[in-house]
Ligand code: WT7
């Protein structure tokens, strides 16, 4: 976001009322919304219990609601049992619903495949049996490193069917990042593909897998299932690797849905924090599924007739909750696209929306800004009249992009649902309800029913005065919340609860609330970057830089970027003996190093070679000073805690 758009963001006061036609058909109208809020206020636990009874299919009904005996390690519906895959598939196998499309897939090269609910159910059962055959059972961890193809969804649901815990690793991550996640989860089986198509190029997934599984690493992977996607040559390691086709051959299409405990972990998904390696966020079965389903019904107004498209990869939480679990639990038709957004031309999205009659589109501000930049003529060529709702997630949708999205994609007709949430929250937390809440461009509007979001100051005292910024926190536990950090309960406590003595879940964002109670998210309060809607920890990128033999020390900050939201700027101190090295070559080598250790999304945009970094007397890098320098701003902050003030001047680029 440029400085001028930050200004207009602050001054934004346009209000777009709910279109009457939309309100008339919405799942949640104003009366329902008020009733839900009142019900939650009166008896929050009873509210969640009622919803869990009505919206989930239980194999053993629960009696217990919230168990707060080990807070902040909360448990929900813990004495109940259910099967998550049955809630997404088997419940839709009655009558005509059975033969409606569950998935419509379009490959990057344009081929289309449709799977009805009956067919998806069949494929999931077959693959679940194949997993059992490979020795996988309840509680085992299964890693999934796949392209965006139906088999990725099948793999996730097959794990859920047999109570295995999946851990999807985004296909854009490097071998090294995959290795870290395999070691941390202790996965015994990995599902991958030979490769993936991305922007017309081949991504060698299986080659990354082979690198991640080198013998010296501490993983526990015994078997690798390899889907044939691109047909490229791969090494098949005898006794370890098995082709998908061979794994499913002869497996029966019958795999009864056993009931698993409500609190059985459904998946582990890694996300960046301000310190250390990414955290393995653990989500439950019942509470998570309930929240993914309810928010799909509420925020997206999802109906069985919808052709719904969430453009996220299944490697992110958005793909878990809003490509797979939420929309399938609602019985909608999910559209799935394999490739790059602008491939082969900038109208690929609009062409597919027209071709498949997409009704609900959920995408990210970074994509919207890129399309806006590509030009109005691209969407204008296509009939987008099937669309009825537009969603956004990942970072604040700046008003310019908001208005463009509304006018050029939604023809001024579709409500825009800007959803604030996180990997940790499982589903949307703050969002305008499309049939109820008037839109204000740039604001994610109001907390959903049952969600008690507040803004508190440094002492944890609630801020009531409008427009005063503070910590965005959630006071009451909710079913979709994370259950912990895999293998690291202490980190769960310290990252999310400790600062305010376990009284609130601390999101890590700063926000303000206006006089109408609308939330305006301002950004992260910690050192986490948001690049194209993806969280990246400064610590991860810094350690990737320092791993290069020429680097003595590194510090990374975010700088505003027109399309990506934030771009990565690195300050690097070279080791004495490398000070004379060619800077262009070193810059290229460092970018390659970060790509190799994390993935292309973490590549620094700017690299400044410096002699010193601003530090406090206790040795902490003062990032706010680096941020100001990287942005070319005057340093107005207090630098009294700085160890050596004279160093600041030489940090400025060009000096
Ligand atoms: C962080 C969570 C949740 C799926 C995508 C990213 C930022 C997310 C919004 C929004 C303002 C947003 C926050 C949050 N964020 N959505 N609508 N408005 N900021 O998931 O990687 O867990 O990142 O993304 O900073 O903390 P994630």
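Each position is counted from 1, following the chain as shown.
Each Cβ is built from the backbone N, Cα and C atoms, and glycine gets one as well.
With 394, 395, 396, 418, 419, 420, 421, 422, 423, 509, 535 listed by TrEMBL as binding ATP, the candidate from 388, 406, 524 annotated for that site turns out to be 524. Within 8 Å of the Cβ centroid of the Mg(2+) site, not counting the listed residues 546, 548, 551, the chain contributes 544, 545, 547, 549, 550, 552, 554, 572, 590, 593. Contact annotation for binding-site residues (199, 532, 551) versus ligand 1: none, no CB falling under 6 Å from a ligand atom. Cβ neighbour counts within 10 Å, taken over all protein chains shown, single out 394 as the most crowded of the binding-site residues 199, 200, 394. Between the alpha carbons (Cα) of residue 620 (N6-acetyllysine) and residue 546 (Mg(2+) binding site) lies a span of roughly 16 Å. Residue 198 (CoA binding site) sits 30 Å from residue 546 (Mg(2+) binding site), taking the Cα positions as reference. Binding of CoA is attributed in the record to 198, 199, 200, 201, 318, 532, and the widest Cα separation among these residues amounts to 25 Å. Note on the domain 'Acetyl-coenzyme A synthetase N-terminal' (35-88): DSSP counts are 25 helix, 7 strand, 22 coil. Of all the binding-site residues listed here (198, 419, 551), the one with the fewest other CB atoms within 10 A of its own CB is 198.
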